[in-house]
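Sequence annotations record features per position, and here TrEMBL assigns signal peptide to 1-28. Per TrEMBL, the feature transmembrane segment maps to 52-70, 82-103, 123-148, 209-231, 268-291, 303-323, 335-356.
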Amino acid sequence: MMNFQACSNTISNLFYVCFVLLPTMALGDCTCDTIEATKSDSIEVLHYKIGSIASVLVAGALGVSLPLLSKRIPTLNPKNDIFFMVKAFAAGVILATGFVHILPEAYESLTSPCLKENPWGKFPFTGFVAMLSSIGTLMVDSFATGFYHRQHFNPSKQVPADDEEMGDEHSGHIHVHTHATHGHAHGSAVSSEGSITSDVIRQRIISQVLEIGIVIHSVIIGISLGTAGSIDTIKPLLVALSFHQFFEGMGLGGCISQAKFESKSMAIMATFFSLTTPIGIAIGMGVSSVYKENSPTALTVEGIFNSASAGILIYMALVDLLAADFMSPRLQKNLKLQLGANISLLLGAGCMSLLAKWA
């Protein structure tokens, strides 16, 4: 009887190893249909998600609004050196968001074992899509700038030469005469004004394209939090996303404030940015019962959108934010400001990279 029981135990153990343990080990790389073993109380999870909507909304609104209050807070005025360093810090945050947060997530999604080997495993789609989105951003940047220049600086639309009230103004150019004793120079009063207008147009394009890249990513990370089913997953995500939205908001707010939009346009852009992640969280909460984060469709869509978003943010941070400011005469002539801006850039990139440990 004892031998039979021992034999029975041996067979049951062998059955367990062969049909339960080994298949689990073999399929460990692809947990497409698995459900988390430990589930927190659904009501408590719901409370945390609602709290995360409020927290992320406030953090994003505060971050994007601070630079827009530059008229009332002199320290945040774009002409102030402190604002220059804050903008470098925010640019570092956006750059780290693209390189450290979004690009690895996109790579992980598009190389998941839950996707078919052909074509996803045979071609580096992550880098390819990021490259295409960077080139696309460059094209949009270039064509939009050219369009605005043709619209606003078209010679045929300037003041006619026979306008008597303008005196010596010809085709929109005012010649200023002063002799050597009283000074003499031939110049164009419109040229300086035109350069200011051109800079404003450039900043408007930058802020709009930058917001597109940030918004795409914000919705995706919001859905990720909204579909999370564990409090242990939500807590670090909540903290990381709050800081994430605050710093990204400061970078976007700085661009919007320099673009000199009308108050209504600035309010719309700031509100749109503030609401995207909370809306993403709400969408995630709504589809959490049917959403499978490891399904081929979800992985493909998330991976492609994250890759495109990373390409946009990396291009905008390096070309339109950092290169434009770091190569400007204002920075080149001021060693103290140059050192401060570089340190701020490293701090911003470092702080945002550190958050990748949790989210």
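Glycine residues also receive a Cβ, built from the backbone N, Cα and C atoms like all the rest.
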Contact count check, CB pairs under 8 angstroms to the transmembrane segment (82-103), set 52-70, 209-231, 268-291, 303-323, 335-356; argmax is 335-356
For the transmembrane segment (209-231), which recorded stretch in the set 123-148, 268-291, 303-323, 335-356 gives the largest number of Cβ pairs separated by under 8 Å?
268-291
Can you tell me which parts of the same chain pack against the transmembrane segment (52-70), counting only residues 6+ beyond its ends and a CB-CB cutoff under 8 A?
76-78, 83, 86, 222, 225, 234, 237-238, 241-243, 245-250, 252-254, 256-257, 266, 270, 273-275, 277-278, 281-282
